[in-house]
Each structure stands twice: as C-alpha cells, then as structure tokens.
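The next block holds one structure in the form of structure tokens; read it before the comments.
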Ligand code: G6P
Ligand code: MN
C-alpha cells in the first residue's frame, strides 16, 4: 500500500513514519512517498526516517520527489500536511494581527483567516489533481486551519477527504484519566468545528461520568483544560471546551500574553526549525537525536502563553506526546482493512447539526469503516455554542468565497464578521497588512 505525504519535508513527518514502523499487521503501508517543494527539507527528513528504520525488518520504503503529480499517481492514501508560506508566514500572521490588537493564532481569529486565505487556493489545486490522478485515494488532511481546508477540498473530493486533529482525542483522554476511566471504553460526547468544540459528556457503560468531574474542584484542577478555564467557568458552562476556546473565553488575556511574549509561537518555531534544518546539512549530524530533542522542546512549550495567562503552569508529562500520527494511522487502518472504529474527525455535517447545512465540515465522532467516516447522531449544542459555531462557519464560508473569487471586499468581510475582530476598520487594516506581507495573497484584488 502506497502512502503519499504532501509536506513530506515537514518537521512532524517522523512522527507519522514512527507510527507506520509500529504497524506490523497485514495490509500495512509498504511504500512512503514524500513530496515537498524544498529538496533540502526532503533530504533532512529522509535522513531522520532512515535512522528510525535502521534495524526494523520490512520498514516501509521511502522515496522523495518535488513533482506533485508523480507523488499523487498510484497513491492509496494521501496525507496533506503542507504549510503555505512556511513558518515565516505563520510569524507574519501573528505579527500583523497583534499590531492591530487582535489574535494571530494560526487557526483562530485573524491569523486563522489569513492562513486560510493563502492555503485554500493551494489545497483546492491539490484536490483537483487528486480527483484527476488518484480518484480512488483517500486524502487525510492535517493542514491547518483543518476544518476550513478540509471543507475546501471536500468540494472537489466529496467524502474522500477527511480532516484530523489530535486535540479532541487528547481532551477525551485527559478527562477519562482524571475520572479513572479507560479512554478506550469511554464514549466522548464531543461536537463543534475544528478547534471549536465542547465535551458535553463522557459515558462509561452508559453512565455519564462528566458531572462527577464538574462537581469536584480538585479533579478539575488536575488537568490541562481545568487549569486553563478554571472551576467556576467550567461549572457555568457544564461542559469542557477544546483548549483553543481559551482564545475566545479569555481573549483579552491571551492577546496580552502574546503581545508580551519574547517571541510569538510562529517566530519561536521558525527559528527552532531553521536551526534543525541547518544542522541537518552537516554530514555528521545525528539526525534522529537532533530531531527528537527539537520535538521535545516544541511539545513542552505548546500553548505556553495561554498557560501563563491562566497561571496553569507546565504541561503534564502525560500530555506531551501529541497523537496526530495515531489518529491518522487508526483512520487509515479502519478504512484500508475495514476495521470498524470510532474517531473524532472533520467531515461533512450531513444532518448532524441542524443549524448547519449538509456540506459544512464539522468535527464530530464518526464511525469509520471501508466506506469512510460517517458522523454519528449527537445532541444539539447549547445556544452559546451554536452562536459561535454558526458565526465562525459563516466566516469560513467568506474565506472560501474570497479564495474562489479573489475579492478583497469579501476578504474584508471574512475578517470583519469574526467574533474576535472588533471593528470593520480593524478588518480593513488586517487585509492591508496581510496583503503587504504575503505574496501568496496577491490574488486578492
Ligand atoms: C495541536 C493542534 C494542532 C497543531 C499542533 C502543534 O495538536 O491540534 O492543530 O498543529 O498542536 O501546534 P504548534 O503550536 O506546536 O505548531
Ligand atoms: Mn489541530
């Protein structure tokens, strides 16, 4: 089975390859094709993979190419993990937004819109090529902002594109752990958009255990989202929000923390990864060890500004090893081998949330089998959550419209309608700032 990874020179590719190396079952991936625009990044990552594979019998063969069509042909699965504009682009997204006093995070608020505006045209081009060259392939989208990008691709690939994120799984795992439940046996009642969802219940053997957590300040204080949001607010909500909702519920504090930070997240990762890829140019560099220490530093500092703003302290050691690759591998196995499972994924709404149309991509538990991912029926969201979900989906639709038409006016509308952008004038200045910074936004006229 052939797996193509777009953004194959990306820093997190070794996580995926590590997960593949652990898969010994029949029908596993035998060939990995890395595609990237940058040959230097490809060879750096290929070195790390070669060290990972050393001594592993039947390790998946790895090839690399800068030719997109060649990479797509014959693929059974395609992971799309691209970063249009690179980490320099991410840092610029943050800088332009913070200069206007609003958030520039890569998936939330103004930063997410800017990143979406330059990523959607590229993602659509990829989707069209996949539809032509590998019509039977399944596309697993890792690229942020993941819900929006998946929706853009789904207009060309239908249900053959599925978006993934590890934050709902991580949240479910943490809640289960705090409650002393086995995450595998727990049903996580989660729904929303990507980075904008809520856990409303956690059922073990049919019984909802979440009220027990919400009633106990000690339990709440013992895990990441409890520390970020605080007992009182979680009790008021009666649900546990995805960690990215910290940017909404504590927006002022989050913006201030980002403004005061020595470096924004994007700038930190840009410099950290520049050092990594530079080191990899030395023939004697210890590839895997260098990659692993860089990864550990990245994970330890994840969302550190939000944790500082909330006084939440360091990350829990159990939360450090992400999980993207595990979600992606579980999804691929379920489809390829018809191993039925349930995963929280980004798929078309169909009739799940009645306030959204059928084609809106949402994040929801899905039953997965050889026919793909099917969203399960869930309870409706409470009004406050419905309000946010509908507002942000409307923004995403404006981003898709702007990317399709090239209209600058529509881009302004996207920014202006976002709940975290507080004036139409700010939206105008954001479009001005972003189009000046990013050559990839030159299409907005
Ligand atoms: C989480 C999010 C992802 C994000 C990742 C890395 O897993 O769900 O969407 O890409 O963290 O974040 P970072 O700030 O390290 O790039
Ligand atoms: Mn994510």
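Each Cβ is built from the backbone N, Cα and C atoms, and glycine gets one as well.
Marked as active site, proton acceptor by TrEMBL: 244. In sequence order, 105, 107, 108, 167, 195, 196 are the residues near residue 244 (active site, proton acceptor), counting only same-chain partners six or more apart with C-beta under 8 A.
Summarising the annotation, TrEMBL assigns substrate binding site to 90, 144, 275. Residue 275 (substrate binding site) is surrounded by 12 other CB atoms, counting those within 10 A of its CB over all protein chains shown.
Taken from TrEMBL, the feature Mn(2+) binding site covers 165, 195. In the three-state DSSP assignment, the secondary structure recorded for residue 195 (Mn(2+) binding site) is coil.
What TrEMBL records for 190-421 is domain 'Glycosyl hydrolase family 4 C-terminal'.
For 106, the entry in TrEMBL reads site 'Increases basicity of active site Tyr'. Summarising the environment of residue 106 (site 'Increases basicity of active site Tyr'), the number of other Cβ atoms within 10 Å of its Cβ, over all protein chains shown, is 24.
Around the Cβ of residue 195 (Mn(2+) binding site), a 10 Å sphere holds 24 further Cβ atoms from the protein chains shown.
Under the DSSP three-state reduction, residue 165 (Mn(2+) binding site) is assigned to coil, being neither helix nor strand.
The distance from the Cα of residue 106 (site 'Increases basicity of active site Tyr') to the Cα of residue 90 (substrate binding site) comes to 7 Å. Taking a Cβ distance under 6 Å to any atom of ligand 2 as the criterion, the recorded positions 90, 106, 165, 244, 275 reduce to 165. Here residue 165 (Mn(2+) binding site) is positioned 18 angstrom away from residue 90 (substrate binding site), judged by their C-alpha atoms.
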